[in-house]
Structures are given as structure tokens and as C-alpha cells.
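Asker: Please see the structure below; I have some questions.
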Amino acid sequence: MDALNDDNEKFRLVSSNTREEAQRPRSESALSDRTLLNMSDSETEEKRRSGDLEKEGLVEQLPKVVTKEHATKDPYARAKILMWMFVNTLATVTIVFCNKAIFSDKSFSQCQAAFASFHFFVTAATLYLLSRPAVGMFEPRKIPIMNMLPLAIAMAMNIVGMNVSLQVSTITFYQITRVLLTPIVAIINFFFYKKTIPRMAVYALIPMCFGVGLISYYDQKSAPVPGAPIKAVGALSVLLAFGSVTVSGIYTIWIGTYQRKYEVNGFQLLYNQAPLGGVLLLYVVPWSDKFPALDQTPAVMWGLILLSGFLAALINLSQFFIIGGSGPLESTVVGHLKTCLIVVIGAFSGGKVITDKAAFGILLALISIFSYSAIMMRHTNLASTVKKA
């Protein structure tokens, strides 16, 4: 989520006054020059415990993770970030096909709420472990349950809607319609929050919508029986896909609103909403889901369900490292890479037929989203430069 970029903490060194520094004895000045960046781990930890760092004015806040703002850098930091990007990409692509296989089974096709609740609880457990003092990846913050209720409901509707859309659509159509999240968020922001985007970015979104329209009309499912007529994507698939993306757009905007209101990062917010969303869906399960005969469910299906839960936890974990260790450009590229891989693999798997017009629509949508990202990145950098000046 773009809102998760608020996770990065910024730390700054507090320099001594130049006049006072000049009046100090040379030995004292040399001693003061031994700032946090020059200390060994043992010296830093000892000063942390004694509170000497704050007293000497060396730092305002001692970071737990070495970032690019510090002089002492991990020589393997870049390799680690690339590793987590690879893990995140692999897990995201795999979970789409894993979930598609689960929902394609008639026994589990009507277990959408229970499946989403299972993922929420897996996510909650993962975040709980990451927030423990022994791990210390982020500090949990409590938000009142009643205040979190609207966001948790939106989260549940978002995930269930995505799962239902994936169930009734081809993987290619499902994934390519997700790029519509960008223009939908822009439209909602414009009409309800009076937020605008550059005119060139608007122009980049128009061919994207046209490309998705081509895919909606020309994307086709493979014939179930050799020689049988090929069925195009039905109206139900289109309706569910666009409804799901609309709910996702509202949910995405609410995430940013909640983060600013309660001054929390993405993981602290998800720490509050994941267990609440899981509990809410449990109340829906008896009315919406139909469970299969568990004793007749093959072991392979249970394996896929467990794999899906593991991949969900892995995506959350890897996303934490990507957001904390890379810039917005890298995160954006990774997101587009995942979209391209899912679309390409989905297009050539399962024996489905891709028409020339559908292929053109896919290419048009992907080029448009890359162009939009480049324009917005340039606009953000320009605004940042002007603000500093």
C-alpha cells in the first residue's frame, strides 16, 4: 500500500554550537567528535542504557536500524533488500495462483468469508510476533475498537470482494483490472477531498482505462471441452471486478486518513484492524459460507490452504523490509513487476485463449501505469525540490 510509505522514521544528529566548540579544549572537542557514528556497538548500548547520549546531545533518538542516513552502513544492505523484493514478488505471484486453485475447487468456492478471516488471523499473528520486544520491528499502538470498526469493515469487504472476483474471472482479467485502483483513487480524491494530480498524469490514465475496457470485452476463458465454443468474460465477472476495485479505492484512501489521524504507520494500523476484521467475518460465515465435508477434502487442498496462509505472512514480513530499506521508486517498480508477471503467467497458463485485441489491451494498460508512475515520481521530486528551496 502506498500509505505504508509513512513507516520510515527519520533521525538527525544534533550538532554542537560552533562558538562553544571553538572555546572548548582540544581534548574535549576531540572527545565530542566521537559521535554515535564512530562508537562500537558495545559503547552505543552502554550509553543507551545510561542515557548519556541524550545528555551529551549526540542524538535525539537512537535508531534501531542502520539506514542510509548513517555513516556506518551494512555492506550487505542492498543485497538484503533485493532478496526481500524477490521474496515479496515470488510470494505475491504464487498466492494469486494458489488462491485461484483453491476457489476453483467446488468444495471451497463458497468459503470466501472463512478464507479471508483465516488470512486476517494469520496476518494478526505475524504482526504480533514482529512487534514483540525480542523482535522489535515496530512498536504496537492501540486504537479504540469502535474507531477502527469502519476501516475493519472496509478491509473485510475489500478482501472478500477480491477473492470473489478472482474466483469468477480469469487471472489475467482479475489482475489487470486491479490497475484501475489508481484512477479510482484519483477520482475519489478529486470529488470528495478536492485533491488533484498533474494534467499529464490524467492523460496517462485515459489509455489505461481504455486498455482495461478492451480486456473486459475480449478476454476469453478456455473451452472446458475440446471443440466447445469459447466463452468470453461474463457480465458478472466485470461487475464484481469493478465493484471490488471501487471498494479497494475507498479502503486505500481510508488507510491514509487513519494513519494521519492516529499518527501510526501502516503496520501499526494493520496490527489493530487485522484481528478485528477476522472476528467480524466470523459473524458472517454462518450466513454466507458452505463448508465441504472436511473428512473428504484431499490433503493437497489442505496443503494449498496452509501455503496460502504462509505466503500471506511472508508478504507482510517482506513488505516491512522493502518499505524500510528502499525508496518509493523501487517499491513502485516491484509492484508493477508483480502485475506484469501475474498477467503474463496467467495469459499463458490453463489453456486459455488470448485474442490480439485483449493482448493489445494488456500492453496498453501496463504501459499506461508505468507512465503514470514515472510522471507522479517526477512531480513528487520536483515539489520536494521547490519546497526545500
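Keep in mind that glycine also has a Cβ here, set from the backbone N, Cα and C atoms.
Per TrEMBL, the feature region 'Disordered' maps to 1-54. Taken from TrEMBL, the feature compositional bias 'Basic and acidic residues' covers 7-27, 45-54. Annotation source TrEMBL lists compositional bias 'Polar residues' at 29-41. Residues or ranges marked as transmembrane segment by TrEMBL: 81-102, 114-131, 143-161, 173-193, 200-218, 230-257, 299-323, 335-354, 360-377.
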Asker: Is it true that the transmembrane segment (173-193) and the transmembrane segment (299-323) have 3 or more CB pairs under 8 Å, sequence gap of 6 or more?
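Answerer: Counting Cβ pairs under 8 Å, fewer than 3, so no.
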Asker: Which of 81-102, 200-218, 230-257, 299-323, 360-377 shares the most C-beta pairs under 8 angstroms with the transmembrane segment (114-131)?
Answerer: 299-323
Asker: For the transmembrane segment (81-102), find every same-chain residue at least 6 residues outside the stretch whose CB is under 8 Å from a CB in it, and list them.
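Answerer: Sequence-remote neighbours of the transmembrane segment (81-102) are 108, 115, 163, 166-167, 171, 174-175, 301, 304-305, 307-308, 311-312, 314-315, 318-319, 321-322, 325-326, 330, 334, 337-338, 341-342, 345-346, 349.
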Asker: Take a look at 200-218, 299-323, 335-354 and tell me which one has the most Cβ pairs under 8 Å to the transmembrane segment (360-377).
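Answerer: Ranked by Cβ pairs under 8 Å, first place goes to 200-218.
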